[in-house]
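Written below as structure tokens is the structure these notes are about.
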Amino acid sequence: MAAERGARRLLSTPSFWLYCLLLLGRRAPGAAAARSGSAPQSPGASIRTFTPFYFLVEPVDTLSVRGSSVILNCSAYSEPSPKIEWKKDGTFLNLVSDDRRQLLPDGSLFISNVVHSKHNKPDEGYYQCVATVESLGTIISRTAKLIVAGLPRFTSQPEPSSVYAGNNAILNCEVNADLVPFVRWEQNRQPLLLDDRVIKLPSGMLVISNATEGDGGLYRCVVESGGPPKYSDEVELKVLPDPEVISDLVFLKQPSPLVRVIGQDVVLPCVASGLPTPTIKWMKNEEALDTESSERLVLLAGGSLEISDVTEDDAGTYFCIADNGNETIEAQAELTVQAQPEFLKQPTNIYAHESMDIVFECEVTGKPTPTVKWVKNGDMVIPSDYFKIVKEHNLQVLGLVKSDEGFYQCIAENDVGNAQAGAQLIILEHAPATTGPLPSAPRDVVASLVSTRFIKLTWRTPASDPHGDNLTYSVFYTKEGIARERVENTSHPGEMQVTIQNLMPATVYIFRVMAQNKHGSGESSAPLRVETQPEVQLPGPAPNLRAYAASPTSITVTWETPVSGNGEIQNYKLYYMEKGTDKEQDVDVSSHSYTINGLKKYTEYSFRVVAYNKHGPGVSTPDVAVRTLSDVPSAAPQNLSLEVRNSKSIMIHWQPPAPATQNGQITGYKIRYRKASRKSDVTETLVSGTQLSQLIEGLDRGTEYNFRVAALTINGTGPATDWLSAETFESDLDETRVPEVPSSLHVRPLVTSIVVSWTPPENQNIVVRGYAIGYGIGSPHAQTIKVDYKQRYYTIENLDPSSHYVITLKAFNNVGEGIPLYESAVTRPHTDTSEVDLFVINAPYTPVPDPTPMMPPVGVQASILSHDTIRITWADNSLPKHQKITDSRYYTVRWKTNIPANTKYKNANATTLSYLVTGLKPNTLYEFSVMVTKGRRSSTWSMTAHGTTFELVPTSPPKDVTVVSKEGKPKTIIVNWQPPSEANGKITGYIIYYSTDVNAEIHDWVIEPVVGNRLTHQIQELTLDTPYYFKIQARNSKGMGPMSEAVQFRTPKADSSDKMPNDQASGSGGKGSRLPDLGSDYKPPMSGSNSPHGSPTSPLDSNMLLVIIVSVGVITIVVVVIIAVFCTRRTTSHQKKKRAACKSVNGSHKYKGNSKDVKPPDLWIHHERLELKPIDKSPDPNPIMTDTPIPRNSQDITPVDNSMDSNIHQRRNSYRGHESEDSMSTLAGRRGMRPKMMMPFDSQPPQPVISAHPIHSLDNPHHHFHSSSLASPARSHLYHPGSPWPIGTSMSLSDRANSTESVRNTPSTDTMPASSSQTCCTDHQDPEGATSSSYLASSQEEDSGQSLPTAHVRPSHPLKSFAVPAIPPPGPPTYDPALPSTPLLSQQALNHHIHSVKTASIGTLGRSRPPMPVVVPSAPEVQETTRMLEDSESSYEPDELTKEMAHLEGLMKDLNAITTA
């Protein structure tokens, strides 16, 4: 409080604020905030002080028992008093409705009647106290673990034992780790009193040193954990008199690795037994420990070492050395000391303004190294661009905003515990402006230098202060689209430039600059948008990477500086990985070499190096592999066994040490053997490293020998196996025949076991290598057990009570098994009191090892059952033919998938010849293999079997759904997506749903199917300036997956210049009139509502509008005059020809022939590019044919089916067989198909011969028929039987005079509206309504029976001239690969062979038009050509020009009306 009062007095001093103003620009961004106590505010502003808010008491880890009560303490201090809540496992507890949990007045949590069972553990877990002050913030306490002791379970029972007087003895009692504190011992059913000679180790084990007669008796272990006591087996400890002979020195209990926390006590157990009685000494890291003079080190009974108040210096390797004068043995263990997290520097309270950068400091220590996380007002702080963890543990907040205010806590956690420390952040308001003048906005703010990670800004002084020597400046900047703004101040007054550092490459930033004077901050400059450059300056690979082994556990790696460093190399990152694993580790290095320690011995590692400069990581070097040096083996050979061959030899068998413990190439084995009697000489024999057995000969008859084996590498000898004994025969016995029957067999049944005893065969001259015991209910062949030849009794365990068992006993040797001896017994009922069979206590048992190696399972098969289940079956050749398992063998099944790569195997054990593998992934290939294990021996893995699970419907929607507008086409959008992350099979298709109402039923959405190999789709003809919602659903062979979340997209606004060409190109016809096509350069006036991006635009000036109207009128008058002059110059001869042709009734093909010189005017289409050409009569008898392809669009060519309605339904919501580069569709086409027409033309504009015809009125509907079925649209050329050139026709119809049947058999088209112009020859029309379109065909085409494709013409702009066809878009024609071009005859060829006619439907203004077929007939014979040439003499009606001019006048009036509107 004194510091606060001093801060207030300081803040009220004007000189202080002048000094702060001068230093404002000198502050670094991260240090621009005031630390606890001083608030950097201007005079007059209210000062907020920091509020004390902290925990007085925090909960700690607690151990409880079932049924008891427990209190977790918690108390917090604040003014006003905080509200206390509790979290369990991260979730708030509802204490209002909880009967067993209640909140105490001080904030502690009281839990009554703790519940804990095997399947219900509601009280055990992690608890956290949360304190909240409504107007201040929230803090959370450390996390405390509540452990509830489980039900007492003995993992190890005490066993009967005997001890010589004066020696040491132990009795095991292993229970659950959490129940060890509740263990006690009883002797003869009375509590055992512990003293310096009789102690209980922390594990619960009882140690009796210097045993006396009084120590003998019955012992049992008792666990009392709140419920009824749990008793272990009661066993007898016998104290035998001192035999005064020498016995082996052995460890009864060896130390094991331990982990303790600083401040705890630890006991390193070590108990040895032998005669003479051994003494125990301890060493730490090869230094002897003085347990007599040290107060913290105590030698307990039996030799165990107790260390009190453990410190970090106590960590290390401890050696227990037992010595009895004749022999010395030692054991070692590692003690690891851990430390709870502790704060070296705690975060402090901070004052700051908005847009400033601050740093909360937090420095912790602990072992293992703690992890640090930050919490703001009780919520986790997730690192981002503006919340960063710097210098390992500090929290940096960039660009403060008001919502950042509150309490921040640094929480440190490791395996031992956790701790928290917090601080408060207060965001201060800027001081109000004084009455003095403030500076205006700085001028000409520009980015003078733009780099990848920094931008330099410069500006001019404000206009209000041209000199600006006393002005300071603040630059505010933020990422585009981010509301959080940061500030950078100039370093001294008058400086007009600043460099913004630590920016992201290729990122857009928004900058603004404000000037400050002594009165306050002025106006802000206009925002400046600048994009940083992309990152390209990264280091190259480090050359000359080398690695060499420095020791068995370390490797040194060296390298050089990259040639292309692109700047100063800041550091290197060295990556290394053990061969055969997928876990790569890394270490930061500042030099050009590094030695990695703690590696595995004789193991291969790979290394690579990546250089870092200020831009980031560079290119990695190639991997370099090296192996650590070899060392002596760290483990003994495995599976040592002895086989007595005769009276003078014994065969030894063994297996190499485990691969991980060989530590190098095994170069040999050292065999040591001696007689079992004490003080006998040891003999050594060396064998090669590939040899796994050795025959030891020259032994004494009837003598017991001890054997042990050790492995060797070039570095030395590893540890040896334990001594194993075998006795040679008294004499060389016969092994040419099987042993005889054992002389006797006795059985003694118990409740769940049978004790079997026997005597050897009477004939002692035949070798007996062991006995085989068979037993089973009703049959002795169910189970078989083999025992050593010296064994005379055996206890068969795990039998059923009250069951009849048949038992057989056979002696065997290497020749085979002898004659069996049978016996039967009935186990006792379960109600009988179990008794200990004293006959078998301490009975030696030496099982005979199976001499044959284990064979792997065969015939492994994988049967697919479902999408996540596969059954694995196999056979075992080591079993009998009926494949019945009669021993304790088991099988291990392993499986994995190769997707993703380097996945690890999963394993499961089975006791049958099959296993059901569940929980697999759908549509995934797995490989399986099986291994058999019997005792300590295992086979190799079997051959692998493979199986792929069935598919399943996708369980996740398509991801990354994005919608963008297509450039240049505002009505077209492009939908992109990525496949589902859980496709569960091959994706066969997608369905896109879109609608303008996100809440509409899904069946009301428009759907767009897409094939499965596409990840993008175009949708056309959407409404402008309209929000659409899109969802995507994936499907595979099993069905549809879930839909993605709705993605909203608003189509852009477009002006009329954009709309006109788009509508025209897509053929979208609307009802009502349209604006005429005034050319691509014409742009009508736009209102503010039609401006792009929705921004209002200023309306056109009225004078400009008047000028446009007058100009259009003048141009129109000029065009009309030109057309009138052109038309009046037609010759009289041409008019006569028209009249004659109109009155002629010789031909049945009635159409308007195009005169050679007549060129009907076209007001909106450039007829210089494409005109109606007449047909010239050429006398050339050998015309030259040209093959001209017709450009087509697959969207506009639709095969004609039986009816037009069926065509429309086929196109609706279905896949298209042939799609263009981008899949396209229209919304209008989904609501109702708009008629489409396509008018293909020759790629050479002057070539096509086109005739335009009127559409019949509604009163006289005409029908177009096809005489045969349609051909496939994929056919490129159809050949006339009698013609040498390919022809491309839409259909073949005979002359109407020759065939009228074709007219009656064709399907009808849609009714045509009345044409705006009528033909002059109406009196010659077919009364039955035959079509007026021109058809040309030959009789040979009818006979051929070929069916040809029909193309539909898409209507062009409704105000285009009826006399001139639509001009295809400029540029080279595009061809659909599915619909190849059909050749047309050239103009010259047509003059001699055929009068080829294309028909186009011409409708009136504003009316919708159905599709009409475009007919390109084939070439007729010569005689047909002659007749057609005669028909071509047709000419116009005398009044035809008048009608055309009248029609043209109507169009002019429409244009004038639109222009003036």
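Each Cβ is built from the backbone N, Cα and C atoms, and glycine gets one as well.
Per Swiss-Prot, the features are:
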- 1087-1097: compositional bias 'Polar residues' (COMPBIAS)
- 1191-1206: compositional bias 'Polar residues' (COMPBIAS)
- 1289-1322: compositional bias 'Polar residues' (COMPBIAS)
- 1330-1349: compositional bias 'Polar residues' (COMPBIAS)
- 1366-1375: compositional bias 'Pro residues' (COMPBIAS)
- 52-141: domain 'Ig-like C2-type 1' (DOMAIN)
- 152-238: domain 'Ig-like C2-type 2' (DOMAIN)
- 243-336: domain 'Ig-like C2-type 3' (DOMAIN)
- 341-426: domain 'Ig-like C2-type 4' (DOMAIN)
- 441-535: domain 'Fibronectin type-III 1' (DOMAIN)
- 541-631: domain 'Fibronectin type-III 2' (DOMAIN)
- 636-731: domain 'Fibronectin type-III 3' (DOMAIN)
- 741-831: domain 'Fibronectin type-III 4' (DOMAIN)
- 856-952: domain 'Fibronectin type-III 5' (DOMAIN)
- 957-1054: domain 'Fibronectin type-III 6' (DOMAIN)
- Asn73: N-linked glycosylation site (CARBOHYD)
- Asn210: N-linked glycosylation site (CARBOHYD)
- Asn326: N-linked glycosylation site (CARBOHYD)
- Asn470: N-linked glycosylation site (CARBOHYD)
- Asn489: N-linked glycosylation site (CARBOHYD)
- Asn639: N-linked glycosylation site (CARBOHYD)
- Asn715: N-linked glycosylation site (CARBOHYD)
- Asn909: N-linked glycosylation site (CARBOHYD)
- 1127-1461: topological domain 'Cytoplasmic' (TOPO_DOM)
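Shown here: features listed in Swiss-Prot, placed on the structure.
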residue : record                      : contacts (Cβ under 8 Å, 6+ apart)
Asn73   : N-linked glycosylation site : Val57, Glu58, Pro59, Val60, Asp106, Ser108
Asn210  : N-linked glycosylation site : Gly166, Asn167, Asn168, Arg197, Thr277, Ala301
Asn326  : N-linked glycosylation site : Ile246, Leu249, Pro276
Asn470  : N-linked glycosylation site : Pro493, Gly494, Asn517, Lys518
Asn715  : N-linked glycosylation site : Pro552, Ser630, Asp631, Val632, Asn663, Gly664
Asn909  : N-linked glycosylation site : Tyr890, Tyr891, Thr892, Val893
* Please name the residue among the glycosylation sites Asn489, Asn639 whose C-beta has the most neighbouring C-beta atoms within 10 angstroms. => Asn489
* How many whole Å apart are the CA atoms of Asn639 (N-linked glycosylation site) and Asn489 (N-linked glycosylation site)? -> 77
* **Three-state secondary structure, Asn909 (N-linked glycosylation site) (per DSSP)** => strand
* Mean predicted confidence [pLDDT] for the domain 'Fibronectin type-III 1' (441-535) -> 87
* Per-state residue totals over the domain 'Fibronectin type-III 6' (957-1054) - DSSP helix, strand, coil -> 3 helix, 55 strand, 40 coil
* To do: Over the span of the domain 'Fibronectin type-III 5' (856-952), count residues by DSSP class, listing helix, strand and coil in order.
  => 0 helix, 46 strand, 51 coil
* DSSP helix/strand/coil residue counts for the domain 'Ig-like C2-type 2' (152-238) -> 9 helix, 38 strand, 40 coil
* Structure fact -> Residue counts for the domain 'Ig-like C2-type 1' (52-141) under DSSP, helix then strand then coil, are 0 helix, 44 strand, 46 coil
* Structure fact -> Simplified to three states, DSSP reports Asn326 (N-linked glycosylation site) as coil
* Which state, by DSSP, holds Asn715 (N-linked glycosylation site): helix, strand or coil? -> coil
* Asked: Going by DSSP, how much of the domain 'Ig-like C2-type 4' (341-426) is helix, how much is strand and how much is coil, in residues?
  -> 3 helix, 50 strand, 33 coil
